[in-house]
Amino acid sequence: MRPLQEKIIAYEHVLPEIDPQKEIRKSIDFLKDYLKENPFLKSYVLGISGGQDSTLTGKLCQMAIEEMREETGDDSYQFIAVRLPYGVQADASDAADAIAFQKPDQDLIVNIKDPVDAMVKVVEATGQKITDFNKGNIKARQRMVVQYAIAGANNGAVVGTDHAAENFSGFYTKYGDGAADLTPLFRLDKRQGKAMLKELGCPKHLYEKAPTADLEEEKPDLPDEVALGVTYKEVDDYLEGKEVSEKAAEQIEKLWKKSEHKRHLPVTIFDDFYKKN
């Protein structure tokens, strides 16, 4: 095993193989324990895109909330799923299918187009130029602003979808989809999440679709694997301690090093990861 590979695996807590049922139970118990330790919290809020990660996370949240209601007799516990399109969502049918699979207590739709466009307009009025990439990050951050607003209105916590196959590369927006109160998928790679959805009886098309962040208007439906320069199979193999090609390993390690700043939020005077040896 490559030296850096061992370090990354240890940081991400990825197991070489999993029992899907055990990992489902582990995530549900984690979500329940957090509520028990924070009795002022009565809801979980999650943005639903229709992709694998939010579909799985949402299902786990609903299962945890239902168990909390049954165990405590407190019907105020709620899971709130939020669809957050920018204008018209290209894969809106997948998001609807994810909601149907999860059966959340509340299903909200908040269109972020107006606030995002307003933000771009007021910033560009100062003479600044907002690129398409920058605007994509504004979309991600606006979605999180909405989720925290809803959580604040419902004594809730915002749940994130971050997992090992994204975290290693920082494939998320700082203070956007990377912001959350807790992340029940942390420790899992992409294929492990897929195995858990299969175990839960999820519609096949929701975990077999090509993952895409879909933030940039100039690059609609850009697959994650194209953006990353490496396939999720290669990433999963690497995180599970298997051998991958030299090219794939170098790209994975390059992404890890380049995204280190996202795993130190904010950077403090005691951090030195950014200094070149």
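Cβ coordinates come from backbone N, Cα and C, glycine included.
Swiss-Prot names Gly47, Ile48, Ser49, Gly50, Gly51, Gln52, Asp53, Ser54, Lys190, Thr212 as ATP ligands; from the candidate set Thr72, Thr161, Thr173, Thr231, the record adds Thr161 to that same site. Together with Lys174, Asp181, His261, Lys262, Swiss-Prot lists one candidate of Arg69, Arg83, Arg141 for binding deamido-NAD(+), that being Arg141. Here the Cα atom of Lys174 (deamido-NAD(+) binding site) is found 13 Å from that of Glu166 (Mg(2+) binding site). The maximal spread of the ATP binding site, taken as the longest Cα to Cα distance among Gly47, Ile48, Ser49, Gly50, Gly51, Gln52, Asp53, Ser54, Thr161, Lys190, Thr212, is 19 Å. Cβ environment of Asp181 (deamido-NAD(+) binding site): Ala151, Ala157, Val158, Val159, Gly160 lie under 8 Å away, each six or more residues apart in the same chain. Of Gly47, Ser49, Thr161, Glu166, all annotated as binding-site residues, the residue with the shortest Cα distance to Arg141 (deamido-NAD(+) binding site) is Gly47. In this view, His261 (deamido-NAD(+) binding site) is surrounded by 14 other Cβ atoms within 10 Å of its Cβ, with every protein chain counted.
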